[in-house]
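First the structure, in the form of C-alpha cells, and then the observations on it.
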C-alpha cells in the first residue's frame, strides 16, 4: 500500500495502514503563557476601561455644574504639554526623526483642530436637539462599548480597527457634549475626548515599549484615579468597576493559563497540505 491517489491499488480509498497514527502530534502550535506576562498585557484593557470611566465621570461633573470648562481646559492643556514632552523624551526624539514630522507641524495641526472645533461648537451643541436624551445616552453607551471592542490592544485580529474605535469614541463625545449647558462646554468636552482617546493611548504604548515598570505604575495610578472619581458619584458603581478591573487583570489571566493546560489539538497526515515554496515566480 502507498499513500498515493494516482495509482490503482487493491485497497479502498479510505484505507490506512498501521503507521497512520505514528505521525500524530499534539499541540504543535500551542503557546505557553506566564501569569505575570499575561497580567502585564492586560494593562492595555485596564487602561482603556479607565479612560472611558474618566471621560464619563468628567462629563457628569460638567453636566452637574461641578466642573467649569475653563478648569478642565486648563488641566487638559497642561497635561497635554507634559505628555508631549515626555513622548519625545522616552526615545530621545528618534521616532520624530524617523517620521520627519516637526514640532511646528504638530503645533499647526493642534491650532487647526482647536479652531475648527471651537468654530463648530455651536453646531455640536444644537446637533441633537431633536433627539431625546434617553436615545442620546443609549447611543453614547453603545458607541463607547464599540470603542472598547474595536480598540487596538496589541492583538493581531481582524476585529481590530483603530480608526473605527476612535470614531466611535468621538461620536459618543459629540452626543454627550450636545447635552451640556453651553457651546464652550461642548468644545472643551470634544477636545478632552480627543486627548484621552487619541493622544493618551499613544503615550501609553510608548511607555509600555520603553519603560515597562513606569507603564505598570502609571496604569495603577490611572486606575486609582478613575475609581476615586467614580466613587464620588456612585459607591456601588465604584465597587462594581473595581471588581471588573480585578477580574480582567487577575482572574482572566489565571483562567487563560489554566485552560491552556486542557488544550489538545492534534495534527497528523489528515491535515491539509501546506505549500511552503515561493510560487510567485509562476504568477
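Even glycines carry a Cβ here, placed using N, Cα and C.
What TrEMBL says about a protein is an automatic prediction, not a curated fact.
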From 186-203, 258-275, the residue range that TrEMBL assigns the feature transmembrane segment: 186-203
Residue numbers, six or more beyond the limits of the transmembrane segment (239-257), whose CB comes under 8 Å of its CB atoms: 33-35, 38-39, 42-43, 45-46, 49-50, 53, 223, 226-227, 230
Top Cβ-contact partner of the transmembrane segment (67-87) among 35-61, 107-124, 136-155, 162-180, 215-233 (pairs under 8 Å): 35-61
Intrachain residues whose Cβ lies under 8 Å of the transmembrane segment (162-180), provided they are six or more past its termini: 55, 59, 62-63, 124-129, 133, 136, 139-141, 143-144, 146-152, 186, 189-190, 192-194, 197-198
For the transmembrane segment (107-124): best-contacting stretch of 35-61, 136-155, 186-203, 215-233, by Cβ pairs under 8 Å: 186-203
Within-chain partners of the transmembrane segment (35-61) [C-beta distance under 8 Å, separation at least 6 from its ends]: 67, 72, 144, 147-148, 151, 153-154, 173, 176-177, 180, 189, 192-193, 196-197, 200-201, 204, 208, 212, 215-216, 219, 222-223, 225-227, 229-230, 232-233, 241, 244-245, 248-250, 252-254, 256-257
